[in-house]
Amino acid sequence: MSDDLETLRRETLAALAAAGDRREWDAVRVGTLGRSGRLTGLLKELGRMSPDERKLRGGALNRLRDDLSRAIEERGAEIEAAILNARLASERVDVTLPARPEAQGAIHPISRTMEEMTAIFGAMGFKVAEGPDIETDWHNFSALNTPDHHPARTDQDTFYLPAEAGSPRERVLRTQTSGVQIRTMLGEAPPIRVIVPGRTYRADHDATHSPMFHQCEGLVIDRGITLAHLKGCLIDFLRAYFGQPSLPVRFRASYFPFTEPSMEVDIGWSRRTGEIGGGGDWLEVLGSGMVHPRVLANCGLDPREWQGFAFGMGIERLTMLRHGIPDLRSFYESDVRWLRHYGSSPLSPALLHEGL
Amino acid sequence: MKFTLSWLRDHLNTDATVDEICAKLNTIGLEVEGIEDPGARLAPFRTARIVEAVQHPNADRLRVCRVDAGPGFEEVQVVCGAPNARTGLPVIFAPPGSWIPGLDIVIKAGSIRGEASGGMLCSLRELGLGADHEGIAELPEGTATGQSYADFAGLNDPVVEIAVTPNRGDALAVRGIARDLAAAGLGHLRPWLAETVEGTFESPIVWANDFPEACPWVLGRTIRGVRNGPSPDWLQKRLRAIGLRPISALVDITNFFAFDLGRPLHVFDADRVTGGRLTLCRGAGERFRALDGRDVVVSPEDCVIADAAGVQSLAGIMGGEATGATDGTTSVFVECALFDPVRIALSGRRLGLHSDARHRFERGVDQALPVAALEAATRMIIELCGGEASEVVSAGEAPAWQREAHLRFARIAGLGGLDVPADDAVASLEALGFEVRARDEARVVVDVPPWRNDIAMKMVLDQAPDLPAERARMAAEGALAVDSECDLIEEVLRLRGLDSIPPVSLPPLSAVPRPALTPRQTRTATARRVLAARGLMETVAYSFAGQEACARFGAVPESLRLLNPIAADLDQMRPTPLVNLLAAVERNAARGYPDLGLFEVGAGFSDAGQSQIAAALRGGHAPRFPGRAAEPVDLWDVKADAMAVLAALGAPVEGISVTADAPGHYHPGRSGVLRQGPKIVLGVFGQLHPALLAGRGLDRPVVGFELFLDAVPEPKRRRRAAPELSPFQPVHRDFAFVVGRDVAAETVLRAARGAERTLISGVRLFDVYEGDKVPEGSRSLGVEVTLQPLTASLTDAEIDAVSAAVVAAVQKACGASLRGDG
């Protein structure tokens, strides 16, 4: 190769190596391969040469052009990479900074339990029924076979409200959600399967009693529903709710004015540890019974044709047992620390197929 | 109801242990609330004798005793400091390892000053049995060694407490409990018969009955020549064991029968009764002093017992102080009556008087027992206090309590789910005291025993007033047909234990369950989830609050004020959950948590009724973060919350308009009402009125909203058309409208939106400017309009035409001009 070409190569490569940024690199590129670049100039000279000379010189020039083009490209890529690296380095942040804070909301455990009850009983064909918190004493007591003088009435410390003008009926804050049983039986024809989760009120306030609390009532009316179904239904519910397929469940004869036979239901637990399921002790969790024929008749159902069962359970009580919450009053105090601790995510609602 | 095991065994012949008895009581519906066994902690202590006591060689005040404590402890050396430890003395011995209740220590074998000591000789105080501490307990001469001390001293009688349900007046008697246990197979009921005490003279006090509705039948007799005083040890011990204070023999005897037979009695001091006649009559506003020392004013609804001097007793509930038996009583008149349970219950409740007598009468006592009970009481009074009895006097007559009940055997399985052979069922009923009147293959008719007032009770219905007559009649007839049968089925089942019924799962109503919630009900859950997902904490608070607190948030009508609140700050049904939420924000702020968002989905109450309200409050700041200052919450936060809930509930968000007339608990200039059409109010939102926060330690604004879920219309369930996904790019045009400051942004946006119906797909406010670059009294609103062509790309001419239409529409709607056109 002639010296001038070698010189061009050497100088171009040296200039490329020295080019530190895009502008310097571009200057080399234009100065070599541009319209008035050195290599372009040499190529132009080929036209004035004899064919033999041109052939010899042309070959060398083409090789040089290929080499330098490649070198320029490579250097360009290097410079781009360096620029990118520099940018990336300059954009570095402290990735250990905490995520941008977002307030975390939560669903109250009472709502959560109501949803779980709805999911479980819903799977057994129950619907949710509702009724007003302020009831007449007829709905809350009389229709439920609890006349005015009944000792059961004094056991329930009832809140009273002034009677409505022109009405003989006393108004009470419902002491139980059972009044909705009455409304349901009056409002729709059997077969009936409803649960009634809702607020209830009793004039009682201490460490284990709140003047307002929540109950979930249940009512099943059909032909041929027996106490065996009552037991099956409640055992099925309790085992699903506590997530223990063999949770011990015990039924004890008891008394409620609106059911007969009546029973209280206990589950196995440990008095010492509070653990549900084992331990050999029994803990009462709900009351139930076959709907009293007088209650059916008060609602216009003929007890010779229709029968069924009813039950009622304390929502706070079941929630406390399941989650080991020690204090009833904390449910209503709206302490954000407590709500955060016991609340549940709105994005995982109670779905049987995901597990409760 | 409490009783001791030995008392129960007076009526029940059984070998069952106290644990077996309690398990059975639980099964048959007499729930055991507690078992107290005073013998349990005395178990280690045994009777013993000091064979020889000598002076301790190394200590003046100690003695070294050789003790015989029976088998296993025939020859034990015990060092004892009691001055009365002497040779030959029968004593109480505690072997090593015993826990000493009075000292709360466990004793060990060891040596004291060089002498071995293998146990302890105890005082009664050390056993936790009294205060005397004059050395060790001295047992009677000749006490056999090696007995359990609890057995020896009769302290081994467990006390059982049961909860008696209101229907079981008969179980408020030890005998009734024994009868139930026997019927459940736990032994035999011992026979009980009252021997008649013949009267030897005419009673100087007689009955008159002017109030037979309250008291159908009353008996009595005088016993003269009695000596009242402390009752014997066995009786005192029994009463004390069940929590009663022994008073005197005469009073203790009446208490004994109240618990033994469930039969309340009353004794008058016959010498303090004036006029020789006791009259059952209505009260007439008299004041009398009851035995518990309280003054009671009786009304015509109360049944009283009066003599010539006035009211002496509130019949069936409590006697009077003036004629009560005292230590000086030498002549008594014993009252034994039947009272109407309903009147007793209502009187007792009205006057606030509780007594064991009321407790039994209002639950119903044995209707056939008065004669026998009076004889038994007479006998015991004469046995314990001496004296002689008069003839029995009475007024009224034994009421017709007899009732019958029937049972179709197939119904035990049909209602109770358990097959019980007919013979077994009948046997159970007979064991409970029912007597078979008639029986065939299919059914049995029985007489109800006089103590079971809960079986085959008089049919009382309170049917819904608006039932169709025929339906009501059929239902009532049906109830009458099966009522007593249900009573008997319950008896048969409870004696077997409900655990014997095999459980059966409910048959499914459909292969796949239908939704448990209606769409309306689902909305409550949806609202909850949306708000919690937006960072708010759900709370649940009382539906009532103080009237004053409620009044700050709405009307507090008298009709929603509790007549018997438990506290002054819990007396008014709240108009909105905001009442509680503000208190909660305040409490949390006081605890050091001022930055928070709380919500409740719950009831609000007004004269119009109860409504479901989703309410929330936000206070404080959003948290700081590098590059972001702590921004205080503002009403745009809660407007967004409210709109998000409405959107999730399917409310037509585009059609919601906002007016600036929120109720008074909001800042009048920073709150709005969310409306759908002119009539429906979906909710309100805004900053709380500063006056509400004054004095609450909240120095930053609190913002919130209330959504009236019942007002939100249910979304129409119609199939939605497929979306038009245009291939052509949308075009955005910005406008700056200068409008009067009072012109609502909503007016401008609505006008722009409506300027052209096919191309305009979105209108968005992006800027609000007030200042010196626009005329005084006006502001500039930056509005971005998006045009979405559907059939072809827009030409400049088309875009200009739509832009002109937008400007014209806004101009027409509110006199706006384009900024810069001025």
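Numbers run from 1 along the shown chain.
Cβ coordinates come from backbone N, Cα and C, glycine included.
Predicted automatically and left uncurated, TrEMBL annotations should be read as such.
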Further binder of Mg(2+) named by TrEMBL next to B:Asp487, B:Glu490, B:Glu491, taken from the candidates B:Asp424, B:Asp440, B:Asp447, B:Asp454: B:Asp454
Interface-proximal binding-site residues, chain A, C-beta separation under 8 A, candidates B:Asp487, B:Glu490, B:Glu491: B:Asp487, B:Glu490
DSSP three-state assignment for B:Asp454 (Mg(2+) binding site): coil
Tertiary neighbours of B:Asp487 (Mg(2+) binding site) (same chain, Cβ under 8 Å, six or more apart): B:Ala405, B:Asp454, B:Ile455, B:Ala456
B:Asp454 (Mg(2+) binding site), number of other Cβ atoms within 10 Å: 20
Averaged pLDDT score, the domain 'FDX-ACB' (B:726-819): 93
Helix-strand-coil residue split for the domain 'TRNA-binding' (B:39-150), DSSP-based: 5 helix, 39 strand, 68 coil
DSSP-derived class (H/G/I helix, E/B strand, else coil) of B:Glu491 (Mg(2+) binding site): helix
Summary of DSSP states over the domain 'FDX-ACB' (B:726-819), given as helix, strand and coil counts: 29 helix, 32 strand, 33 coil
